[in-house]
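Visitor: Before I ask anything, let me first share the structure, which is written out below as structure tokens.
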Ligand code: GAF
């Protein structure tokens, strides 16, 4: 399925090096519901997808390493003895950050060469960043027999994102990318970091993504700001995380916080409930309720948590007008990327035509539409 991506990476590697590379695939993810709940120790409902990163590794026989990003046509050279962050937003920080975190845990890491490429649409909110981090952690673990467990690797990837990329993300993306199971979504408890797999078969319905093809620049700082608000409210409530709060608890401090921040915390508490209710709806095969919860999630993300944008809101509003779509919402951190839609299979073709035309008329640019195939998590490619 990703054969052309694998071939591209192998060919590129062969033009640079003479060994047979160790090949890793690491997927991106979707999230059915449970947004901005992961760093509040709550529930999320993600799944790995069949789009991701392919990385080819070899040990280096010198005291230098290299990482080549085919998609940026750029190579960085470094020594694993001496790692420091590059300028903000450089893709190399995902690679170097993982090395730095592995070193904290394992001491020295040998030098290596890696070449990688991906097919996750840029800015789609499907977490190409977690896919890249996991591919590096998994690749180095295999190459140098570091003995890291997958649980340790996802924490390494998450810390790389905190310390080298500057986004204080939760664990959802790294978990879903590492532990994904073909045809399943994972109800992940972000406190215990354990998940319950749900087989996804919506019969006459399917999940469809619509990419706004925008990424508003605010996103990283706004993300970190939201996280601090949640942490400071937890502190006021004397609890570990908002996962431990009820709406009644929050009510007790209502006059001590701004209305804006009160609404943000309320959103997290309600979104966490929605994620749990969604798992029940899924078990009962109650797609109507699942769809309502998904619409409810968007409403909260738009009005309470304020991480949506005009393009996402427009797409969700268009979905609401179509009675063949049971639910739609923005997915991921926000400020751009995709909506996820629970749509009748019979309605997909007409809706695609309509939404493509309407979006173009409204915003003067194209949206992109993808159907979703759920895949296994990060692993070795054996051919
Ligand atoms: C981003 C983060 F990386 C995740 O940890 C999660 O918080 C998500 O935004 C919002 O649910 O993808």
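Cβ coordinates come from backbone N, Cα and C, glycine included.
TrEMBL entries are annotated by machine, without manual review.
Straight from TrEMBL, here's the annotation block:
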DOMAIN    12-58  domain 'Galactokinase N-terminal'
DOMAIN    93-180  domain 'GHMP kinase N-terminal'
DOMAIN    280-361  domain 'GHMP kinase C-terminal'
Visitor: In the domain 'GHMP kinase N-terminal' (93-180), how many residues does DSSP call helix, how many strand, and how many coil?
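Guide: Secondary-structure breakdown of the domain 'GHMP kinase N-terminal' (93-180): 54 helix, 7 strand, 27 coil.
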Visitor: Counting each residue once, how many in the domain 'GHMP kinase C-terminal' (280-361) are helix, strand and coil under DSSP?
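Guide: DSSP composition of the domain 'GHMP kinase C-terminal' (280-361): 49 helix, 15 strand, 18 coil.
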Visitor: If you average the pLDDT over the domain 'Galactokinase N-terminal' (12-58), what number do you get?
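Guide: Taking every residue of the domain 'Galactokinase N-terminal' (12-58) together, the mean pLDDT is 98.
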